[in-house]
Amino acid sequence: MATPLSTTPLFSPSAISPARNRHFCSKIRLDSKHGKSFESNRVQKLNLSKFREPGRQSSRFLQMGSREMSFGRRKLSVEAMDGTGTGTTSTISSKVFATMHLLVSLGIILAADSFLKQAFVAASIKFPSALFGMFCIFSVLMIFDSFVPAAATSLMNFFEPAFLFIQRWLPLFYVPSLVVLPLSVRDIPAASGVKICYIVAGGWLASLCVAGFTAIAVRKMVKTEMTEAEPMAKPSPFSTLELWSWSGIFVVSFVGALFYPTSLGTSARTCLPFLLSSTVLGYIVGTGLPSSIKKVFHPIICCALSAVLAALAFGYASGSGLDPVLGNYLTKVASDPGAGDILMGFLGSVILSFAFSMFKQRKLVKRHAAEIFTSVIVSTVFSLYSTALVGRLVGLEPSLTVSILPRCITVALALSIVSLFEGTNSSLTAAVVVVTGLIGANFVQVVLDKLRLRDPIARGIATASSAHGLGTAALSAKEPEALPFCAIAYALTGIFGSLLCSVPAVRQSLLAVVG
């Protein structure tokens with residue numbers, strides 16, 4: 001079997017330190033009246049001597065770079081150099097190589113996602129293209145792991161920088177739907193909005209209970225002991241340099257767009273840099289807030305608020321108003337993208353990255369397959385059909401009910417699911433999914449404690465099945481033992497929901513329930 005990856009990626013730019021990825025060739029020269037010399041056969045060459053003169057204490061001399069210290073008649077000099085001549089040069093070259101590694105690995109994933117999208121559109125295939133790509137990647141990894149384990153490990157190592165990049169910025173890809181929420185809900189009556197909120201909040205609690213208690217029931221039957229899972233690599237925190245860099249981009253691009261509204265060809269392209277940088281800045285600032293504040297002011301809310309305030313300030317300063325600027329944020333036009341289009345363009349790569357996370361936890365999935373698959377299947381079916389039924393009972397418009405069916409499925413796949421139906425509001429879908437995740441992120445631990453669900457497997461599955469990625473991030477931050485189960489259930493819930501809704505008979509049955 002393939003050897004597990006280390007928790008700190010070798011080629012992650014954030015993980016590189018000056019002492020890492022460096023081959024030193026050091027030469028130490030000793031000159032002494034009574035000394036002896038020798039050289040090691042390793043990478044480092046040493047000339048060491050122990051010496052002592054009668055009546056005097058032995059002393060040493062150490063020279064590193066240009067510094068030299070001498071005591072008496074004995075002298076020890078050390079000349080250290082790395083492969084490029086200096087430590088600074090080696091550090092720079094290592095960072096450049098790591099950056100290139102990230103760009104290449106991430107570029108391959110984005111290119112694969114784009115190719116699959118175009119191929120599926122050309123072939124008129126109504127199935128999430130990214131999901132197909134994920135299955136292909138996972139299958140290749142499993143085949144390599146069975147016959148050439150070293151190849152599977154090398155493939156995982158090669159794409160790990162891209163995987164960590166996606167994991168680090170994942171919440172940011174959900175934000176565009178919240179930023180343009182004022183535009184997407186404008187035509188929805190207030191009464192319908194209240195009904196949607198009721199379905200979202202009540203549905204989250206119901207799905208949490210169904211997934212959690214199903215996992216507990218299955219665990220009592222199979223009685224599988226919990227073992228330690230593969231360690232999950234965590235992305236590094238944001239640096240001050242990143243904060244100031246994005247701040248500089250925001251100021252320069254904001255002023256430039258204000259005085260030259262079409263300098264990049266269209267208003268959407270001209271507004272893209274400052275809207276994108278304001279979104280990123282909001283996320284960086286939000287993640288750095290104290291935990292007590294993040295409970296009520298989630299980084300995603302801070303992120304969306306930052307982008308809306310930037311749009312509002314530009315609309316006021318330019319005299320265009322808020323709505324046109326928000327329209328430039330998410331244009332949904334491939335030839336004229338906005339900041340939101342760039343961010344949502346990564347959603348397909350999120351699905352492709354599921355293959356790597358599932359492969360890494362394949363032993364865990366195999367050991368606890370009964371609990372995981374049963375809970376995910378039951379919870380997903382319940383979530384879809386209960387949403388359709390409750391929407392009909394409360395009198396919600398059918399088109400709105402269908403739009404919020406995948407409320408417990410990650411945004412990337414939820415949008416693919418609603419695209420299989422006609423007359424849906426994709427912006428509402430994305431907003432409902434994000435709000436569901438925010439509810440779970442804020443209340444999941446308290447509710448799980450009240451329900452007396454103390455088993456880490458049940459807690460992880462229940463959280464991910466009801467609140468997808470945002471709930472997963474919130475729970476795993478305080479309960480790391482539940483993270484592997486969260487990650488697996490998070491991916492499998494979206495996968496199974498997409499597969500289920502891809503079946504025409506299932507879609508027809510859901511529409512029949514909606515009415």
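Using N, Cα and C of the backbone, Cβ positions are placed for all residues, glycine too.
Owing to the predicted nature of the structure, the values given are computational and were not obtained by experimental measurement.
Per TrEMBL, the features are as follows:
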- 96-115: transmembrane segment (TRANSMEM)
- 127-148: transmembrane segment (TRANSMEM)
- 169-186: transmembrane segment (TRANSMEM)
- 198-218: transmembrane segment (TRANSMEM)
- 239-260: transmembrane segment (TRANSMEM)
- 272-289: transmembrane segment (TRANSMEM)
- 296-318: transmembrane segment (TRANSMEM)
- 338-359: transmembrane segment (TRANSMEM)
- 371-394: transmembrane segment (TRANSMEM)
- 400-421: transmembrane segment (TRANSMEM)
- 428-448: transmembrane segment (TRANSMEM)
- 482-501: transmembrane segment (TRANSMEM)
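Of the two recorded stretches, the transmembrane segment (198-218) lies close to the transmembrane segment (400-421), with three or more CB pairs under 8 Å once pairs fewer than 6 apart in sequence are set aside.
Within the same chain, the transmembrane segment (428-448) stays apart from the transmembrane segment (127-148): fewer than three Cβ pairs sit under 8 Å, each pair at least 6 residues apart. The stretches the transmembrane segment (338-359) and the transmembrane segment (371-394) are not in mutual contact, being linked by fewer than three Cβ pairs under 8 Å (pairs 6 or more apart in sequence). Sequence-distant contacts of the transmembrane segment (371-394) (same chain, six or more residues past either end, CB-CB distance under 8 Å): 195, 198-199, 202-203, 206-207, 210-212, 214-215, 218-219, 222, 224, 365, 400-402, 404-409, 457-458, 461-462, 465-466, 485, 488-489, 492-493, 496-497, 500-501, 510, 513-515.
Note: the stretches the transmembrane segment (272-289) and the transmembrane segment (400-421) are not in contact (fewer than 3 CB pairs below 8 A, sequence gap of 6 or more).
Beyond the transmembrane segment (482-501), the same-chain residues lying 6 or more positions past its ends with a Cβ under 8 Å from any Cβ of the stretch are 127-128, 131, 134, 211, 229-230, 232, 351, 354, 357-358, 361, 364-365, 368, 372-373, 375-377, 379-381, 383-384, 405-406, 408-410, 412-414, 416-417, 420, 456-457, 459-461, 463-465, 468-469, 471-472, 475-476, 507, 510. Same-chain residues lying 6 or more positions outside the transmembrane segment (400-421) and placing a CB less than 8 Å from one of its CB atoms are 126, 128, 130-131, 173-174, 177, 188, 192, 196, 199-200, 203-204, 207, 347-348, 350-351, 379-380, 383-384, 387-388, 391-392, 428-430, 432-434, 436, 465-469, 490, 493-495, 497-498, 501-502, 507, 510-511, 514.
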